[in-house]
Structures are given as C-alpha cells and as structure tokens.
C-alpha cells in the first residue's frame, strides 16, 4: 500500500524524491487520501451550507475563494512554469523551487510535512501544522469556523460578528462576557468540585455563586432552555448551530477525518477528543482512585461512583443512575417488559 503513495502523481515527484526519507509515512498517507479520497460527502455538506461557490471541473472539490481553486487546478495540470536556477529542474509551484534550492545550499528549513510549504520559523510551522490537524483552540458559535490561535479567533469574532470575546488564560476556552469567564475560571481552582453550592435543576451544572447560576439560566435556558428539537431522535439542544451539527450524525456525514488513522467524524470537536487516543493525553484524573479520562463528561460520571450521587431518576420506578445513558438503557428495558406483559394479557 505504501508503494502506491510513493507513486502518487499528485505529490510532485522532484520534491518527493528529495524529501521522501524525511516525511513520515502517515503524513504521506494523509496527503494521498486528501487527493484521492471520495469527495462526495464533503461536497454534499458544502453545497448545503452554500459557502463553497467555486468548484473544480475535474474532481468537483469545492473552494471558498477563486484563488484557492486556481492553486488546486495545478494538481491536475502537467505544466511546470517554475525552474531551479542551479540545476534547471522545473516545478508546478514557486515555493517548491524554494524547498528544492535548500538541497543545493544545505540551508535549514521549516517545512510542513503535509503540504511541503516552507515557513519562516519553527513557531510559524507549528501554528501552520495545527490547521492541517484541525487542532483548534476556539470555534466560533455563530458560523462554526475554527481557529488555531486566540488572536485569530478574537479578530474573527470582532470583525465578522461585532462581538467582544473573553478567553480563559489557562485552557483557551472562549467566553462571551466577563461574568461567564469568571464562572469558567473558577473551575480551574483547587477544590472546585467540593465547594460548589448552586446546581442548575435543568442540566445539573454546578456553580460557586448564585449570580453565576442566574447568568447560566439566562444564557442557556432562557425561553424554555433547549428549544431546538431533533426530528429524528427527539434530542433537544439550545442553538441552531448545535442542532445543525447534531443532524450530521443522522445524515451519516462525517466530513472531518483523523490525519493519523482512518476514522472520520461529524464534528471537529469530536476529532479533537479522538486525537487524545493517539497522544495518550488524559487530562482529567480522579483524586480518589487515580484513574484518568480523556473527556470531562466521563470523569464527572466516574466521580459520582465515589460520591454516591445519582442525579438521573427513572420515571417508572425509584431507581436512580450516575449517567443519562445508563438511565436511558434502564428505561428502554422497562418499556420492553411492559410491552411483553401487555401482549401476554391480550
């Protein structure tokens, strides 16, 4: 299979020959899949959103800007307008000549192993690679755009949506006003879980002060709270964007691909959680037993086994559960038993 990637014509042969030994096999595989993978799912999403008006006439891939389509068309073209002044080899793109020239000069370069672009510094390369990996530190709730730096996100929210943004200096989570930032910031303080006094009756989220709980009600649960309902499964969410993202699951659309394995996801946030399985990162650790978790939700459910808290109660009996999923399975089993009893009585 790897020999197929090495023969792939979409990766310029001169650049490939010079740098093949330095490029990780996984990244070459990623480039190959990006060029030859089935684009139908991605195209369906782009056409539905109406934000990719420029389409490639040869492979139907969509682009937001005409200049990006123009650059993409070079992948299909045999034209090589750029020449190395030393050895006269020709290339499709100007930056490929720059990369190639470093063979002659032995100059240290900061080159992206995904697209072969050369950056000016190690920091610029690190930021650039995050865009390929979709390692976003913030996602805009208005339009769904992802950003790899806090400054990019702040500029976007201010210029595109006319909003000010407050970002947590510990985890980079964006908050949309000062009160929300203060409430979130308190969660990083030692002993937060044991000191919380105010609990939301609608979603069980806890807060240190009553004013933060009131702010949470106004922002999340106003006008009845989760007022957007999925027609397929009945799930309720509190924004149009959340509903749109949720519907991707029912449509079977998984446009976000992991660059390190073959898995695909409907949402970028799900991919970010998945990437922790590759990195081994488990940031949430139980102080009672030492067990660690990749997701905060799994960690909070686990803690309830130690505390004995069971906030999810069955409507049919007195049983209570540590998670909504466990309660749902129980309710389904109760419904099945009721149906069986009814059939026996008929």
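Keep in mind that glycine also has a Cβ here, set from the backbone N, Cα and C atoms.
Curation does not apply to TrEMBL; its annotations are automatic.
The domain 'C2H2-type' annotation in TrEMBL covers 54-81 (among others).
According to TrEMBL, the domain 'C2H2-type' annotation covers 82-109 (among others).
Taken from TrEMBL, the feature domain 'C2H2-type' applies to 110-137 (among others).
Marked as domain 'C2H2-type' by TrEMBL: 198-226 (among others). Over the domain 'C2H2-type' (198-226), the average per-residue pLDDT in this prediction is 69.
Summarising the annotation, TrEMBL assigns domain 'C2H2-type' to 228-255 (among others). Break the domain 'C2H2-type' (228-255) down by DSSP state and the numbers are 12 helix, 4 strand, 12 coil.
Residues annotated as domain 'C2H2-type' in TrEMBL: 256-283 (among others). Note: the domain 'C2H2-type' (256-283) comprises 12 helix, 4 strand, 12 coil (DSSP; helix = H, G, I, strand = E, B).
The domain 'C2H2-type' annotation in TrEMBL covers 284-311 (among others).
Broken down with DSSP, the domain 'C2H2-type' (284-311) shows 12 helix, 4 strand, 12 coil. For the domain 'C2H2-type' (54-81), DSSP puts the residue distribution at 8 helix, 4 strand, 16 coil.
In terms of DSSP helix, strand and coil, the domain 'C2H2-type' (110-137) has 12 helix, 4 strand, 12 coil.
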